[in-house]
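Beneath this line is the structure, given in structure tokens, with notes to follow.
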């Protein structure tokens, strides 16, 4: 018997779990806003070179040099003509110069963005995308730091801190006086986003019975989907980057206020020699779930007897190195690294340049969000009946197929190209849903957060690399799609080597995960299994496979 049995005894997926999961999932509405915020905060308004002060196009004097209001497609130069004495249209000289007097930005689509605020156009245009890259760098850093901290200090503590950090620094970024200050705030906000997402996932998974994980994991991912559509509505309503920045970050203070109600993971408490606190949490859950009789039945002796094996395992300290030093952990970690990288790489390659589709950016954001509903419902059915491995590989292969198909659609057939891009984005979203659930089930409790932080860093690398690939469009228009699709195919192949976790209890020790992984592909002999059982009987545990 293990912790999964204790969860069933205190009510299974009862009233507490419903409330617990809902409250932790609500911040997901704003997490999508954080990840895709740069589409609107740093949108590029139509623009052209500003005129010289007190100049007119029509009041021309002898040999006056004036701007003819002709600009190239991105407004980086102005064209000047030297007119004859009679002010005729005969041009005796034509030359260009940079926009030395600044730019004039159209305010019909955006009232103000970081681009219009700090003139991030022409030679400074790469700085616009640099904001997103720096933000994703913060998310990567947060995955590394907060993943390890939560295994040491607890999921609840780091999650509460992350809410506060994101609220304070996110709102502060709206007051940034300079581009550099804004980038710093976005980097630190990105770190907090990692803390919220990773610890939220773990805290949910570790309080949910085995059979409910698939349904809950998929349904809660819809909070991110709704969040994408909410972002489009807020951006359309406000149209000012500073106001939008505040509105999407201020709710974090509300999440911080009620997050103190969360119970720390009882699994984590037991494994960190805080069994008394774990027992109090289980009694609380039993009481809320309407199982008061379990309060007297569930004692420290019962709790320790259910988790004796996990307690023995927790006497060793674990680091990211433990993810690679055993054969089972090494195979799982390498496969997950590729899956996380490619999923994020393809997702942000499609989602972070909405202006290229030639329609309203607000409408495109809503469409990109809406397509997630059927894709994730499909993923839910696949996860329930086909298992995690088949679902993960299928989502990646289908997204690659659609990305490749778009290469052969003529550029003038914009509707078809946009439709295929939305479908591709939908399947990458379904892949994200699957890999979040899958990763939490593959890593054992003693190292779950370290593992999720370790492999998800590759997702951040993918999200940072995705915009850079768009530059390849200048070499060959189809090249970005080839790269995105190729990465998805590679990840789908690696996903085929992951062990299946459908209806399998969460592993609590590295030995547990190692045996599940090896048995799944027939790599462990019956003698190895007998040896493991013998050592468990002796209370020693197996150190490596």
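In case you wondered, yes, glycine gets a Cβ from its N, Cα and C as well.
Residue ranges 110-129, 130-149, 270-289 are listed, and TrEMBL annotates 130-149 among them as transmembrane segment.
Checking the ranges 332-350, 427-445, 446-464, 465-483 against TrEMBL, the transmembrane segment annotation falls on 332-350.
The list of residues near the transmembrane segment (215-238) in space but at least 6 beyond its ends in sequence, with Cβ under 8 angstroms from a Cβ of it, reads 13, 21, 24-26, 28-33, 36-37, 39-40, 204-205, 208, 244, 247-248, 362-363, 365-366, 368-370, 372-373, 376, 379-380, 383-384, 429, 432-433, 436-437, 440. Counted as Cβ pairs under 8 Å, contacts with the transmembrane segment (244-263) are highest for 158-178 among 130-149, 158-178, 184-203, 362-386, 393-409. Under 8 Å from some Cβ of the transmembrane segment (332-350) lie the Cβ atoms of residues 136, 323-324, 392, 396, 399-400, 403, 421, 424-425, 428-429, 431-432, 435, 438-439, 442-443, 451, 454-456, 458-463, 465-467, 469-470, 480, 484-485, 487-488, 490-491, 494-495, 497-499, 513, 517, all in the same chain and six or more residues away from its ends. Beyond its flanks by at least six residues, the transmembrane segment (158-178) meets 27, 34, 118, 142, 146, 149-150, 185-186, 188-189, 191-196, 199-200, 203, 241-243, 245-246, 248-253, 255-256, 259-260, 262 of its own chain at Cβ-Cβ distances under 8 Å.
Contact between the transmembrane segment (184-203) and the transmembrane segment (362-386) is not supported: fewer than 3 Cβ pairs lie under 8 Å, counting only residues 6 or more apart in sequence.
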